[in-house]
Amino acid sequence: MFRFIKEWDKLAMWMQLGFPLNEATAVKIDSITSFLVTPPSLMNTCIKNIRHYLHAQPELSNQEKHTAAFIVNCLQESGAKRIITGLGGYGVAGVFSGRETGTRVMLRAELDALPISERGEEREWCSQNEHVAHSCGHDGHMAILLGIAKRLACTPPTRGEVVLLFQPAEEIGTGASAVINSEKFDKSLYPDVAYALHNQPGRPFGEISIREGAFACASRGMIVRLYGRCSHAAHPEQGLSPVRTMRHLLEELEQLPQRLFPSEDLRLVTVVHAQLGEVRFGTTPGEAVIMVTLRTATDALMQPLVEAARESIERMTLETELTYDIEFQDVFTAVFNDEQATKDVIHCAQKCGKMLSVLQAPNRWSEDFGVYSAVCRCAMFLLGAGEATSVLHDSAYDFPDALIEHGVEMFWALLNEQRLFDN
């Protein structure tokens with residue numbers, strides 16, 4: 001069992017470790033966190049406390065070193081026959097093999113947290129890392145997979161294989177691609193089918209939501225930099241300010257979806273940031289930055305939206321003699337659910353007696369799980385986190401402990417659906 005040392009205990013522990021008191025007062029509390037937490041044992045700790053430990057130790061995308069090390073220890077405890085590390089960064093896979101040949105099923109969870117300062121100091125397990133928090137519930141997703149590992153330790157598959165993949169860098173959209181492009185993700189790991197879930201506040205607690213085909217939107221961040229020429233503020237006519245182009249471009253980019261060919265599927269451009277010049281009263285602006293998110297229901301709709309945005313930028317800058325460059329970040333492909341894998345999820349939800357909702361439209365948010373469709377059949381579903389729960393990415397969000405068992409039950413049912421066990 002693990003415990004968190006209370007704030008008033010920390011100076012005493014610092015001295016017990018042999019450090020002078022004057023150093024203790026100069027060091028931030030969260031810089032000595034590693035001294036203050038004992039990692040829990042998977043097989044001797046209830047899963048909710050495993051989640052609390054993970055929640056308190058969040059790490060950003062591509063920095064999940066300590067989280068990955070903890071996952072490796074848990075997989076070793078649970079008796080995984082193979083443990084592969086360094087998948088696309090800090091990704092970890094645990095493989096549980098049966099004696100007979102059969103289906104290889106992959107279940108995926110995410111390792112990374114968000115650059116958010118958590119609200120919730122009253123919780124003993126609140127984030128110990130400054131401006132990093134599991135505000136998307138990835139701690140809960142990992143706990144669910146570790147719950148499956150705990151079951152597999154007692155009931156290993158008879159046939160086929162179970163691959164528990166703990167993926168890095170989902171929040172920035174690069175993790176899944178890095179995993180499947182890794183030399184370590186070879187044919188010995190290629191699954192026949194892969195499943196993933198995501199908790200969803202605002203939906204009934206424990207409800208399973210899914211749809212065949214497009215499940216979550218494609219999206220990408222577009223950064224547009226406009227370059228003009230500064231001048232003294234007393235002589236603005238001597239400069240080349242991007243202010244008017246910036247204003248018109250902000251309006252036109254948001255209106256692009258309505259100007260393209262008609263489609264019933266979602267197309268959305270959202271302005272997320274804009275900056276003009278420097279904070280100086282004596283100088284006119286010479287540069288501007290616009291950041292927008294492009295979002296479409298399918299991958300096929302994304303490229304026309306990107307091209308339309310490029311054309312608008314090129315036309316406006318040509319008219320005003322500005323120059324520009326464009327950069328893309330956080331590129332997510334759409335998640336597309338396979339027909340049979342979707343039917344598996346629906347059947348298991350019904351068999352487990354879960355509330356079931358078939359979604360009429362794709363989710364607007366994006367997820368990089370769709371990348372795995374390049375190597376196998378895939379299905380992702382939502383697990384309702386409650387209608388009164390804080391929204392995802394809210395600094396107060398905390399994955400509900402009671403939801404863990406719902407996720408474990410669904411994933412276990414999906415493994416049974418592939419006939420990996422005798423019974």
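A Cβ is built for glycine as well, from the same backbone N, Cα and C atoms used for every other residue.
TrEMBL lists Cys136, His138, Glu171, His198, His393 with the feature Mn(2+) binding site.
Features recorded in TrEMBL, as mapped to the structure shown.
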| residue | record | contacts (Cβ under 8 Å, 6+ apart) |
| --- | --- | --- |
| Cys136 | Mn(2+) binding site | Glu110, Ala113, Leu114, Glu171, Leu392, His393, Tyr397 |
| His138 | Mn(2+) binding site | Ala109, Glu110, Leu111, Asp112, Ala113, Glu170 |
| His198 | Mn(2+) binding site | Gly137, His141, Glu367, Met380, Phe381, Leu382, Leu383 |
If you count, for each of the binding-site residues Glu171, His393, the other Cβ atoms lying within 10 Å of its Cβ, which residue has the minimum?
His393
Using the Cβ centroid of Cys136, His138, Glu171, His198, His393 as the reference point for the Mn(2+) site, which residues of the same chain not in that list have Cβ within 8 Å?
Glu110, Leu114, His134, Ser135, Gly137, Glu170, Leu392
